[in-house]
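Here's the structure, in structure tokens; my notes come after.
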């Protein structure tokens, strides 16, 4: 009898384990209303471009479900178990709380499998996902962050969403000679050396006359759509932000830069930059948008205000003064009264703003990160870093998010620290330090 009872108990235990597994596999689909009633969370498994607002088909729905998180299946091979667990913790997902996935079957299955391995037990399908366009959320200006297939389709002459209104150009931006460009670049792309838009001693933007000459050289008018990309996104963003300051109306970034194009397996070419017909008539006075670039006194005027934020886009070690972040910048510290807007692990990384594939993190994540330091969309906000690259990338993201009164303090820490009379802060501190 004892042997029988042991076998029975084992069978029951195995049955319960299987039932638990099947429950996870076959959780009943939920509508968005049902999910919200259970205080659950929706997870969008599509690439971030579609989450942000790009329709997957020409006339398809645009955006993501209300309060949905984005965990793209395409990121999973770039996320370790520890990174996924950190993502789950950051978004406050409980192992026994319901989550509902949506996307194509393959992506949903891949994300479900990883979440199950991470310990989530109540995973279902969002049965009415993307069925009501009126309730979908999206970046106000998602079109300013293009994705590889969209750009390829544009180059092929296909109909695309948010098509440029007139002439358009694709340009790679990087510092120095086009070494990597020569080996492989997006077909038809021009090349801009960042030395054409900024110069020593402080690496501030060049004069307006020099900007005019640079734009003419590359055949750019104020009404030319310019699509920029870089091996480093912030190099392209630096050029993009300066072009907007000059007056180019429609400037876009390839979200994630060159790496996303390469990962997509799209065509490339090699060789020198193409010959470009000069365009001497920019069409408007430069700068057409001077408010996008602040000088030191204008930046100083934003400090210690509740209706404004001067925002440091530097790593935490830079912010607290343990490193300057640059071999050529000796002073350490931060502008006293500046608010920390996050950046990355050091002066050459921007992980705090990137998904695992290098694309922009969700607007909800970025907004929450900034809100903790009293950086809000209704304020006048100016970003700075060491010399302008990281600040420019952040500016482009804020612009896509619909923040209306944003700019870059061009001189940044390099300029500020060069004047010993300017107040400097060091050491560990929190948001209250900027009041």
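Glycine too: its Cβ is placed from the backbone N, Cα and C atoms.
Here Swiss-Prot flags 385 as active site, cysteine persulfide intermediate, drawing on experimental evidence. Among the features that Swiss-Prot reports, substrate binding site is placed at 390, with the record citing similarity to another entry. Marked as domain 'Rhodanese 1' by Swiss-Prot on the basis of sequence analysis: 36-138. Summarising the annotation, Swiss-Prot assigns domain 'Rhodanese 2' to 164-270. Swiss-Prot lists 304-425 with the feature domain 'Rhodanese 3', giving sequence analysis as the kind of evidence. Sequence annotations record features per position, and here Swiss-Prot assigns signal peptide to 1-23.
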Could you give me three numbers for the domain 'Rhodanese 1' (36-138), the DSSP helix, strand and coil residue counts?
39 helix, 16 strand, 48 coil
With an 8 Å cut-off on Cβ-Cβ distance and a minimum sequence separation of at least 6, pull the same-chain contacts of the residue listed as 'substrate binding site', or say none.
234, 313, 314, 343, 347, 350
Should residue 390 (substrate binding site) be counted as helix, strand, or coil on the basis of DSSP?
helix
Overall pLDDT for the domain 'Rhodanese 1' (36-138), taken as the rounded mean:
97
May I ask you to report the DSSP-based helix, strand or coil state of residue 385 (active site, cysteine persulfide intermediate)?
coil
